[in-house]
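Asks: One structure is given below, represented as structure tokens, and several questions about it will come after.
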Amino acid sequence: MAKLAVLAVLASLLGAVSCEFPIYAGYGFPPPDPSVPYPLPPACPPLSPAPGLKVGYYADKDKCPRAEEIVREVVEKATAGEKAGLIRLFFHDCFVEGCDGSVLLSGTDTERTAVPNLSLRGFELIEEAKAKVEKHCPGIVSCADIVAFAGRDASYNLSYGRINYRVPAGRYDGKVSRANDTFQNLPPPFGDLALTTAMFAAKGLNQNEMVVLSGAHSIGRSACSSFPDRLPPAANSSTAMEPKLAGQLTATCSAGSSVNVPQDAVTPDRLDNQYYKNVMSRDVLFNSDASLTTSSQTEDLVEFYAGNLPFLGGKFLGPLAWYHDFEDAMVKMGYIGVKTSAEGEIRKTCASINMP
């Protein structure tokens, strides 16, 4: 199985649909009874490039040639924590209502007010970039595209240039943002492999892409309230948290559930393959991460990205393959639920829809 996983990645190196999950509404704590399985959502067809999106969409003189440059300048001056937040912001935007900037809308019962999004960061940076872009070319660049550009630029910075990809653009901003939609669409940290895989499949992303995108947990911080199901570690469990880390977190989290801790204590500000090493050593916060070792298919891929497979140059090829695969998965995620001009708009400010 491990060799098949490597060959699949080697092949990838050589070589806008969103489904709702109306049953699931369990993000939040305490986590559910693990003896009661969650119903799984149906898979969507695999994502295809969204009509209307293209690389260099704003490059024409009659659009906004400096749009990506302006966003990049804003992102470059951000802190490592803010950059990590921008990557997470892109994920949370695309998984709820599609990649349409709906997560940016403020107001009562919007996505921003939902429990899974209370710790999101980067809103001020997106607004700053939008304001600067509007000065150069008003009414042209969508907030949704700015979020996508910022996610790419943050990935580039935090990976020290190892992740760099061209972003197809041309999205329109959505007009709907509902708090309850986050619970139906965002994979919860306590989810097992079946649930997490199914919730990615409901967005048109396959299990390998789920494993790839999970690598973003190499950066950022999480509140202690996100993993109470992991402390203390379950006895006789192959996925239980490593005892030393569990002891440290138990002491740290005793100060309160709102205390934030690094998701990766080894390279907390570097977007790299350390996450996969942490999964193998059980030094991860969430059950959704630990569960990647519960299937031979996902475990083989984790081992490959961690650089633990010596044949075919796996020690070096695995980490390099992850950077490449992360680029591809981020582009593909950007195709989820893209709005057309008939369904959306180009907002003047990202926190509110345009007035009639």
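Every residue gets a Cβ built from N, Cα and C, even glycine.
Note: TrEMBL annotation is automatic and uncurated.
Pulled these from TrEMBL:
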| type | residues | note |
| --- | --- | --- |
| BINDING | Asp93, Val96, Gly98, Asp100, Ser102, Glu111 | Ca(2+) 1 binding site |
| BINDING | Asp264, Thr267, Asp272 | Ca(2+) 2 binding site |
| DISULFID | Cys64-Cys137 | disulfide bond |
| DISULFID | Cys94-Cys99 | disulfide bond |
| DISULFID | Cys143-Cys350 | disulfide bond |
| DISULFID | Cys224-Cys253 | disulfide bond |
| DOMAIN | 52-354 | domain 'Plant heme peroxidase family profile' |
| SITE | Arg88 | site 'Transition state stabilizer' |
Asks: Would you kindly give the Cα-Cα distance separating Cys64 (disulfide bond) and Cys94 (disulfide bond), rounded to the nearest Å?
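Replies: That separation, Cα to Cα, works out to 23 Å.
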Asks: So of Cys94, Val96, Cys143, Cys350, which of the recorded positions has the fewest other Cβ atoms within 10 Å around its own Cβ?
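Replies: Result for the recorded positions Cys94, Val96, Cys143, Cys350: minimum number of other Cβ atoms within 10 Å at Cys350.
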Asks: Given a 10 Å Cβ-Cβ cut-off, pick out the one of the binding-site residues Asp93, Glu111, Asp264, Asp272 that has the most other Cβ atoms nearby.
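Replies: Neighbour-count leader: Asp93.
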Asks: Tell me which residues of the chain lie with their Cβ under 8 angstroms from that of Cys253 (disulfide bond), as long as they are six or more apart in sequence?
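Replies: Listed in sequence order: Cys224, Leu231, Val259, Val261.
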Asks: Within 10 Å of the Cβ of Ser102 (Ca(2+) 1 binding site), how many other Cβ atoms are there?
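Replies: Around Ser102 (Ca(2+) 1 binding site), other Cβ atoms within 10 Å: 28.
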Asks: If you average pLDDT over the domain 'Plant heme peroxidase family profile' (52-354), what do you get?
Replies: 95
Asks: How many neighbouring Cβ atoms, not counting its own, are there within 10 Å of the Cβ of Cys64 (disulfide bond)?
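Replies: Cβ-Cβ neighbours of Cys64 (disulfide bond) within 10 Å number 23.
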Asks: Which residues, in sequence order, are found in the same chain with Cβ within 8 Å of the centroid defined by the Cβ atoms of Asp264, Thr267, Asp272 at the Ca(2+) 2 site, excluding those residues themselves?
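Replies: Neighbours found: Ser218, Ile219, Val266, Pro268, Asp269, Arg270, Leu271, Asn273, Gln274, Tyr275.
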Asks: What is the number of other Cβ atoms found within 10 Å of the Cβ of Cys224 (disulfide bond)?
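Replies: A count of 20.
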